[in-house]
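The following features are taken from TrEMBL:
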- A:Ala16, A:Met17, A:Ser18, A:Gly19, A:Gly20, A:Val21, A:Asp22, A:Ser23, A:Leu42, A:Gly135: ATP binding site (BINDING)
- A:Cys111: active site, nucleophile (ACT_SITE)
- A:His136: site 'Interaction with tRNA' (SITE)
- A:Cys210: active site, cysteine persulfide intermediate (ACT_SITE)
- A:219-284: domain 'tRNA-specific 2-thiouridylase MnmA-like central' (DOMAIN)
- A:292-365: domain 'tRNA-specific 2-thiouridylase MnmA-like C-terminal' (DOMAIN)
- A:Gln349: site 'Interaction with tRNA' (SITE)
Amino acid sequence: MTETPAEPRRLRVLAAMSGGVDSAVAAARAAEAGHDVTGVHLALSANPQSFRTGARGCCTIEDSRDARRAADVIGIPFYVWDLAERFREDVVEDFISEYEAGRTPNPCLRCNEKIKFAALLDKALALGFDAVATGHYAQVITREDGTRELHRASDMAKDQSYVLGVLDDRQLAHALFPLGDTVTTKDEIRAEAERRGLAVAKKPDSHDICFIADGNTQGFLADRLGKAEGDIVDESGEKVGTHEGAYGFTIGQRKGLRIGTPAPDGKPRYVLDISPVNNTVTVGPAAALDVTALTAIKPRWCGTAPVGEGRYTAQLRAHGDETPVTAELVDGELRVVFDEPVRGVAPGQAVVLYDGTRVVGSATIAATTRATAAV
Amino acid sequence: MAYLDHAATTPMLPEAIEALTNQLTVVGNASALHAAGRQARRTVEEARETLAAALGARPSEVVLTSGGTEADNLAVKGLYWARRDADPARTRVLASPVEHHAVLDAVHWLAEHEGATVEYLPVDAYGRVHPEALREAIERNPDDVALATVMWANNEIGTVMPVHELAEVAQEFGIPLHSDAVQAFGQLDVDFAASGLAAMTVSSHKIGGPYGIGALLLGRDQTPVPVLHGGGQERQVRSGTLDVPAAAAFAVAAQTAVERRERFAAEIGGLRDALIEAVREAVPDAILGGDPEHRLPANAHFTFPGCEGDSLLLLLDAAGIACSTGSACTAGIAQPSHVLLATGTDPDLARGTLRFSLGHTSTRADVDEVAKAIGPAVERARAAGLS
């Protein structure tokens, strides 16, 4: 078995089609490359209307129709697979419980790890497909020894390798990213869609979390976790305000704190810490957000795990900059030390390590070390 | 390529294509009084007479519609409104739970919006409604029944209902019985007068005619309230300019189908039996759905334990075989079939169904293709499991 999707042989490819322009063009390119492509739209909500109505995002009947139209134009078979139950268990419930625990999860990473390149991929392989193709902007490069490397997209501005950092070698072996190796602007992708006769060419991008219909994460969480009024305190522990649920906050957040008492220095205050145990949110000055090191758990490697201390760059959020670090795997935990302090690091988020453009691996941030030991 | 989804739609008969294309070049609204209109009217009325003869009805009993769905809606809603208008106590609708959605959803709508009480008649494990079950339901209060509706033959599992016996029971109480005969027409002896039905639905594209036309056979004493209001065509029951070419082609298809029916049923039944045999040989634990005896000769329905019908469909489609899971879709998401659930099938089991339906272009080669592909497909689908 040498199933290496990067090789130019004819593969049986299952193209995940969200109904958006990227995945439609990805499927079209895979078909044009000579692969035997079948389109599949994932129904991720048992009741599509409850999650999102309108043309943006995913999971609507309209998106399903858009994906079907694109598949028909490309000339490939198309099916809708109901993965709503798995999605609810592995992504939505996880999202809620992570927030409840005071962390800030990234559901897109989780979806790639558990749904697109697990539930979907496993079913695809069982049905005789060789690979799953998506519209992500990233590259899989097959080395001479047959192992795979995940790299940033040729176009850094579009790169989505961060949300794919959870994929291991086996998952990468069956992943196809037809958009990753071309330097294209979104306009060019839209032009390509237009040229290919795909009606989704002008469809707006989706940005928000697909299962939160109105984009109101706090409201979504409040509906499910209920209101739990608690204190907002400053670094000295003095109460400066109240909140309606500690889960609604993210470390580094500035807006929406509604603190009546101004800070003594008059400068803006940020969320420094969230403590679900005593339902307290701690706020303080921006400087107190500076993080010098972090510990991350559940590491996943795009290949073999690195041994000993190494020099990398780290990315801490989907569209964040990369920053130089020294990292080491100690007793299954990833220890990361930043060359320069960074701000707004929230437990629950993923740290993805890069070696140049190559994704080394990722882990979930569990704890941070602050420059000022105030919290 | 093996096309085994004739119950969804079947290729047009060459005779029907000829009739259709001949008429497409002719102008004339069948309601107009001038020469062109008279010519169109003559074409429509000849088509009506041909259809009536093919279906054992009088020409005046043929109400042309846009297809099976409209005919079902007209029968169910129209007869309900008319019967309730005549006596406000009549709000009970008796329906089999295995009806096509065109009937089921119309009945459901009456319950939600028109104060109807819907009573689903019990069916056996093959999906058959027994005449005693209808009698029992009516006898509970014969005065409050607006209508009953039981399909002639089931579109998914192919079970044939005892329509004549059911109609006898309904007639005894003076209750109109409607039957959706869309699947039965062309395969069984469908004779409206002999059936004792008050109303009966047929569709053109299931018998080799064009899409977009069907008919409600309507006893002369039945005056349903129209669903479509307008110019008053079709006994004031179904307004709308008549589709002359489609009517002509539908009539030719109906006549041809009826002429060839006995031989077709025997031949297709033999081919269908061979298909059942082949599937059972490849997959010994496949369960044949529907009544083994009283079934449509062109229908073979299977449940494959441990498989998802969707997976099987995908694999067979990739192997060039067109068939159906037979279940309804919501945004393309497969739901367990209401027909199987009504027959008491376990919901998980009901997800692994496939319907093969044969037709006038089916050959032994089609059966051989299924025989070759079904074993490996089931094996793969089982590995993929019920995710």
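Including glycine, each Cβ sits where the backbone N, Cα and C put it.
Note on the domain 'tRNA-specific 2-thiouridylase MnmA-like central' (A:219-284): its mean pLDDT in the predicted model is 86. The residue listed as 'active site, cysteine persulfide intermediate' is 11 Å away from A:Cys111 (active site, nucleophile) when you measure Cα to Cα. Calculated from their C-alpha atoms, the gap between A:Leu42 (ATP binding site) and A:Cys210 (active site, cysteine persulfide intermediate) amounts to 12 Å. Of all Cβ atoms in the protein chains displayed, 24 besides its own lie within 10 Å of the Cβ of A:Ser18 (ATP binding site). Site extent for ATP: among the recorded binding residues A:Ala16, A:Met17, A:Ser18, A:Gly19, A:Gly20, A:Val21, A:Asp22, A:Ser23, A:Leu42, A:Gly135, the largest C-alpha separation is 15 Å. Closest to A:His136 (site 'Interaction with tRNA') by Cα-Cα distance, out of the recorded positions A:Ala16, A:Ser18, A:Gly20, A:Asp22, A:Cys210, is A:Asp22. Neighbour count (other Cβ atoms within 10 Å of the Cβ, all protein chains): 24 for A:Ala16 (ATP binding site).
For the domain 'tRNA-specific 2-thiouridylase MnmA-like central' (A:219-284), residue counts in helix, strand and coil come to 10 helix, 20 strand, 36 coil, using DSSP. In space, A:Ser18 is the closest of the recorded positions A:Ala16, A:Ser18, A:Gln349 to A:Cys210 (active site, cysteine persulfide intermediate), judged by Cα positions. DSSP assignment over the domain 'tRNA-specific 2-thiouridylase MnmA-like C-terminal' (A:292-365) gives 0 helix, 49 strand, 25 coil. Spacing of A:Gly20 (ATP binding site) relative to A:Gln349 (site 'Interaction with tRNA') is 26 Å (Cα to Cα, whole number). The two recorded residues A:Asp22 (ATP binding site) and A:Gln349 (site 'Interaction with tRNA') have their Cα atoms spaced 25 Å from each other. Long-range neighbours of A:Gln349 (site 'Interaction with tRNA') (same chain, six or more residues apart, CB within less than 8 Å of its CB): A:Arg103, A:Thr104, A:Pro105, A:Asn106, A:Leu316, A:Arg317, A:Thr364, A:Ile365.
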